[in-house]
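Quick one: the structure is below, questions incoming.
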Amino acid sequence: MGVTPKIAPSMLSSDFANLASEAKRMLDFVADWLHMDIMDGHFVPNLTIGAPVIESLRKHTKAFLDCHLMVTNPIDYVEPLGKAGASGFTFHVEENWHELIQKIKSKAMRPGVALKPGTLIEEVYPLVDSENPVEMVLVMTVEPGFGGQKFMPQMMDKVRVLRKKYPSLDIEVDGGLGPSTIEMAASAGANCIVAGSSKFGAAEPGTVIYPICETVFWKIRRNVDIILTAKIKAYMFLIYQIITHCMIDWSHIISFEIQ
C-alpha cells in the first residue's frame, strides 16, 4: 500500500470575503485538499472559523476539507463539524484520544493527530498503533496559531522518524512551506503539504503549486511507494499553462487515479 502526494492550500491565507471563489481558484490549480485552520482563541491566541463557515463552504465544493483543530476540548467540535461537512478532523494530542477517534470516525470524518514543535514524537505512537488508529499525523513546522511564520527545519527529524516507522501513513507538514522549503519536507518523507502565504500571495498560484506538486512526487518516491495522482496532476497543469487562455473543465480528468 502506498501514499498519495497531496497539496493542501491553507485557506487561512485566503480572502475570507470570497472564500468560495478562493477555494475554486486553488482547486482549479490542481490542489488536492483545502486546509481549514480552526482556532478558538484559547488553545491558541488567534480566533478563526468554525462549523458555520465549513457548512457554508461545503455548499460550494466537493473537495476534501482538511480541518486542523487548535482548540480546547476538540471532542465538542466533532458533531457540529461532522454535520457541517468536514472531511478530516486533526486534533492535538488529548488524554481521551480513544473516545475522540471513535467519535470522529462515527461522523464519517478522517481522524488525524497534530504534533506541535514542542510535542515529543513518542506521544503519537499509541494513536497510530491503536486498533482504531488515526489516519494521518500532522507535523507542525511552526508554532500553531498564526500564518506567515518561518519554517523550522529541525522538525524534519520527526518526519523522517515517522516515515521510517510508518511507510504507509499520511504525514502532513504545515507552516512556512513554499518553493524554498518544500524540497526539505518532501525529502524527509512528508506526502501532504500545507502552504498558505506562498500560494495565496502569488500572482499566479499555479506557478507555486505545480513545482510543489512535482517536488513532492519525485522526492518522496525515494522513500516510499506512492500512488501516481500527483504526477498526473502536475503534467495536466503543465498542459494548462501551455493553453493558459483557454477555459477547460479538468474535473473529470483530475479525479482519475492510477494505482
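Placement of Cβ uses the backbone N, Cα and C atoms for every residue, glycine included.
In TrEMBL, annotation is done automatically, which means it is predicted and not curated.
Sequence annotations record features per position, and here TrEMBL assigns substrate binding site to Ser10, His68, Gly145, Phe146, Gly147, Gly148, Gly176, Gly196, Ser197. Per TrEMBL, the feature divalent metal cation binding site maps to His35, Asp37, His68, Asp174. For Asp37, the entry in TrEMBL reads active site, proton acceptor. Per TrEMBL, the feature active site, proton donor maps to Asp174.
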Once the chains shown are all counted, how many other Cβ atoms turn up within 10 Å of the Cβ of Ser10 (substrate binding site)?
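For Ser10 (substrate binding site), the count of other Cβ atoms within 10 Å is 24.
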What subset of the binding-site residues Ser10, Gly145, Gly176 lies within 10 angstroms of His35 (divalent metal cation binding site) at the C-alpha level?
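The binding-site residues close to His35 (divalent metal cation binding site) (Cα within 10 Å), listed in sequence order, are Ser10.
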Using all protein chains shown, find which of the binding-site residues Gly145, Gly176 scores highest when you count other CB atoms within 10 A of its CB.
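Checking each of Gly145, Gly176, the winner is Gly176.
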Measure the Cβ-based neighbour count of Asp174 (divalent metal cation binding site), defined as the other Cβ atoms within 10 Å of its Cβ.
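Looking across every protein chain shown, the total is 27.
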Give me the sequence-ordered set of same-chain residues, not including His35, Asp37, His68, Asp174, with a C-beta within 8 angstroms of the centroid of the divalent metal cation site's C-beta atoms.
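Other same-chain residues with Cβ inside the cutoff are Ala8, Ser10, Leu12, Met36, Asp66, Cys67, Thr90, Leu138, Val194.
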Which number gives the other C-beta atoms within 10 angstroms of the C-beta of His35 (divalent metal cation binding site), all protein chains shown included?
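I count 29 other Cβ atoms within 10 Å of it.
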Can you tell which of the binding-site residues Asp37, His68, Asp174 lies nearest to Gly145 (substrate binding site) in space, using Cα positions?
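Going through Asp37, His68, Asp174 one by one, the Cα closest to that of Gly145 (substrate binding site) is Asp37.
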Would you mind checking how many other C-beta atoms are within 10 angstroms of the C-beta on Asp37 (divalent metal cation binding site)?
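There are 24 such Cβ atoms around Asp37 (divalent metal cation binding site).
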What's the number of neighbouring CB atoms sitting within 10 A of the CB on His68 (divalent metal cation binding site)?
26
